[in-house]
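The structure appears below as structure tokens.
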């Protein structure tokens, strides 16, 4: 573990990765209360002048890997999962608009009646104008997770950090739900994560971040105000950097 006293920077442009399961409140479908709370937190950050892009999973609707285990072709089940991410994206867009935050959804699969196509230069312009950009439909290709989408989009739009929102406080040396004495890392390097066999994101996403020196901040979304704290550089969660 690196020195917990190391200063953290505040961030100007962030990529927020949200798990789809959180949007469902642990159930299939959408929990409006959860989506509203997330929208309120994002609106607070945007009001402070931070540029925010978002990638949401689709696990509250479909999980491609699980459907594959039941005999469905993996590619088809992944496409179903991508559609789930679009439903989540549109829901978050609606709640953000109600907060007075101008929001655009860009999808990797063309669906012109509900969203813009993914265009990184346009996404950057939206961010510069203070709009939130939500990236839906994953990478638009099967076999790639939304973690990987988050890493790739963060790199392409020039984000300062990937904010990995979880239902736990950060990265631990053991599962805190099983081991009561598990210790949370305040800060750790990409290399140390691999050496210690810790789980931060899937392997492809993590490799993208490590190879391109993209920091990852893992934090608990369920604590209200944590998105603003993370963006401001407060010492919450676990910061993974080179």
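Including glycine, each Cβ sits where the backbone N, Cα and C put it.
Residues or ranges marked as ATP binding site in Swiss-Prot (evidence: sequence analysis): 17, 18, 19, 20, 59, 63, 172, 175. Around residue 59 (ATP binding site), a 10 Å sphere centred on its CB holds 22 further CB atoms from the protein chains shown.
Here Swiss-Prot flags 58, 78, 139, 140, 141, 142, 143, 144, 145, 146 as UMP binding site, drawing on sequence analysis. A simple way to gauge crowding: the CB of residue 145 (UMP binding site) has 20 other CB atoms within 10 angstroms, across all the protein chains here.
Residues 58, 78, 139, 140, 141, 142, 143, 144, 145, 146 are the ones the record ties to UMP, and the longest Cα gap between any two of them is 14 Å. Around the Cβ of residue 172 (ATP binding site), 18 further Cβ atoms fall within 10 Å across all displayed protein chains. Ranking the binding-site residues 19, 58 by other CB atoms within 10 A of the CB puts 19 at the bottom.
Cα separation, residue 141 (UMP binding site) to residue 59 (ATP binding site), rounded: 16 Å.
Across the fold, the C-alpha of residue 172 (ATP binding site) and the C-alpha of residue 139 (UMP binding site) stand 29 Å from each other.
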